[in-house]
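TrEMBL lists 118 with the feature active site, proton acceptor. Summarising the annotation, TrEMBL assigns NAD(+) binding site to 100, 101, 102, 103, 194, 195, 196, 220, 221, 222, 238. Residues or ranges marked as domain 'Deacetylase sirtuin-type' in TrEMBL: 1-255. Among the features that TrEMBL reports, region 'Disordered' is placed at 128-149.
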Ligand code: BV8
Ligand code: ZN
């Protein structure tokens, strides 16, 4: 299937949902989770780092690992895929960006208020009273991956501060999930970019759009479980495929 077919769908669309995963930030140098050799879960144990039980058992291990991730992400810059998505948003005002990513590269590329389904590395909060905590300044001093770092104490109750991300077994922020489902149910095109589509309930979002009759374009170098619901599968890296797709938009807003 070709970019041309996808471009025809984009040109007709008035309400677009762009649903992104770690692959959209891969070409910014941020590792994905499940890519066979380079993904974070090939090197680290998700159960020991990305669950509430892990934080309870060893807060310094988990906090240190997330500070390392915040450093990596803080030094990264948006790539051509993030920029192309912001251009779609500028050209088609009814566009909603829904991301599973905990980086801020969509915002940095110019996307306005993307919906963060899995939280953010920049929104630490108290693990007990949930009061927001002040994020540390700057990109961090690059703790080695795996270096323990005692989390700061909450200014209100003294409990350890935790990363503001959604761990396995935790509920997604209700307002974000509801807004994403509503946008997917109401859109006339969904573009899914750089996600393996295996983490639920986020993976429902493209399925909701398809169920409500919207065409789905997928951008991913590899097949995923979402292939079957997609109208067009564009196999390639997001930073190459999306700029090509955006070339089809009217010149004023799109370039
Ligand atoms: C919940 C955030 C209930 C922090 C992450 C068994 C069956 C089904 C479901 C379950 C099950 N057992 C447990 C569950 C539920 C579980 C789940 O789905 N597990 C799966 C994995 C089996 N889900 C949960 O636990 C969720 N919560 O269900 O709560 C509840 C309800 C009420 C009350 C209490 C509880 C919470 C899930 C949140 C997990 N959080 N991390 C952090 O970042 O550390 S997981 C992680 O996965 C990331 O957040 C990421 O956002 C998310 C999705 O991953 P992707 O973004 O898709 O990344 P991935 O590496 O997988 O794929 C990258 C893709 O990019 C690949 O396809 C690759 O080919 C492609 N790519 C690579 N390069 C490029 C590219 N594409 C384009 N261009 C490129 N250049
Ligand atoms: Zn507190």
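The backbone N, Cα and C atoms fix where each Cβ goes, glycine too.
Every protein chain considered, the tally of other Cβ atoms within 10 Å of the Cβ of residue 196 (NAD(+) binding site) stands at 20. Under the DSSP three-state reduction, residue 238 (NAD(+) binding site) is assigned to helix. Comparing local CB density within 10 A for the binding-site residues 102, 238, the maximum falls on 238.
As a whole number, the greatest separation of Cα atoms within the NAD(+)-binding residue list 100, 101, 102, 103, 194, 195, 196, 220, 221, 222, 238 is 23 Å.
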